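If you look up TrEMBL, you'll see 22-43 marked as region 'Disordered'. Per TrEMBL, domain 'Aldehyde dehydrogenase' is recorded for 35-493. The active site feature in TrEMBL is assigned to E267.
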Amino acid sequence: MSHPTTDALRERATAALARCGATTAPDPTAAPSGATLTARTPLTGGTLGTLPVTTADEGAAALAAATRAFHAWRTVPAPRRGALVKRLGALIEAHQDDLADLVTLEAGKIRSEALGEVREMTDICDFAVGLSRQLHGRTIAGERPGHRLSETWHPLGVTGVITAFNFPVAVWSWNVALALVCGDPVVWKPSELTPLTALACTALLARATADTDAPDGLHHLLLGGPDLGTLLADDPRVALVSATGSVRMGRAVAPRVAARFGRSLLELGGNNAAVVAPSADLDLAVRGIVFAAAGTAGQRCTTLRRLIVHEDVADRLLPCLADAYRSLPVGDPFAEATLVGPLVHRGARDAMHEALAAARRDGGTLLAGGEACLTAEAPDAAYVRPALVRMDRQTAVVRTETFAPILYALTYRTLDEAVALNNEVPQGLSAAIFTRDQREAERFLAADGSDCGITNVNLGTSGAEVGGAFGGEKETGGGRESGSDAWRGYMRRATNTVNYSDALPLAQGVTFL
Ligand code: NAD
């Protein structure tokens, strides 16, 4: 089958945007005046459109409008706020094909993963609607008679959301669904690599807002580069900065937010490992490993990047994996048979090749993959075959997140050694163990086991459900989004003591007057 042309892809993007109600259709022939942003597709490397960049003045006006909206929205009862998110979820579901098209066009995901990402949006909307009736505080046993001690959760304020290219719609929805039911307007700075999906999401939320008579100004889109992220980091009107992206971005953003005592929620890079124990079901392990390592062309924060295999099973497992890698269909992500789409741009492929060269210098052996693909059909794109590399040691390149499909395989002898290898990297997002030995599984999940925010048994490191809290430790940033009690990050807690007696006993038995 022939590779799609940029013209055909542009038409597809324009049609999807129009159906979502986005007013700024991309038009490569009519560049707007002022600074611009080019929307490209990794499928060909071609241009889908040119969009105006949000100016600093427009950004400041958005923050002022969001602050006004906060003052109205915070007193709307939470279940009524939930009605807006319910409508948003319904619109997302109605436009799931359009959104999935845009995710594929801008992030390069295969159809099934793009639809999965959109499904995650409707899932989190459902979750948030339920949550809108469950923003519970506690009643606490107080020490003084005639007093009641309790806590209340109030809306926090404007939430600034900075998102990465690789989950262009799901991470926005995690933030926006929770922030809105919690009473917080959102100002969104999406990745400069995925502006069209951002326009579509913004249009759907605008429709949901109108349909539910919610106040204006609850959502604003800032299109452009890191300087707009800096605007959110620095402005004291932004109560919470929820930032998803590289550790480098987190290092720039977090100190700025901290300098003004703002709150930040950081979802940064991962360097995730899976341990394969001698008792593992190897067929299941191979399937779990290949999806986690090669799926999304290795461009998930939870992508499996390190394999820690017991030395007794390495010689059986690694050849199976190498065979699977050699047969993975790489190509047009819209084609039904494709399992590995493109990298986001050629810079990502260069980074992959540099990492493979460094691994070789460190004594690594390439077992499969690593080569560029479709160089004739799509010379400006960056398709690669996922790479499997055997390493003797965890060298600097293994300890670094290269955002591409490279799986480094190491061996171990004792579970203590495997746990140490898992934890011996600066990042702490996701980890997995394949084992049928319950003692090993429990040890890996225990306090002296994996140090990651997400730890799985008998499945890969990627593909979390929305019901759990998502995030990781160490350089991953410590933030938690999505399910469980992550909503608390979007609210402020007030501890309230009410004295309904006619006495004034002081806490801790203090006497005064
Ligand atoms: P990136 O850091 O290049 O960009 C992410 C976002 O941050 C973009 O919107 C970008 O414009 C903005 N940004 C970049 N530098 C900034 C700065 N100095 N100040 C303010 N804003 C800035 O990341 P990317 O290449 O888009 O995404 C890949 C990275 O994101 C990987 O490291 C991946 O692991 C990580 N990621 C993490 C999670 C998670 O939940 N932990 C989820 C998805 C992606």
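Glycine residues also receive a Cβ, built from the backbone N, Cα and C atoms like all the rest.
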Number of Cβ atoms other than its own within 10 Å, given for the residue listed as 'active site': 30
Whole-number mean of pLDDT values that fall within the domain 'Aldehyde dehydrogenase' (35-493): 98
Secondary-structure category, per DSSP, in which the residue listed as 'active site' falls: strand
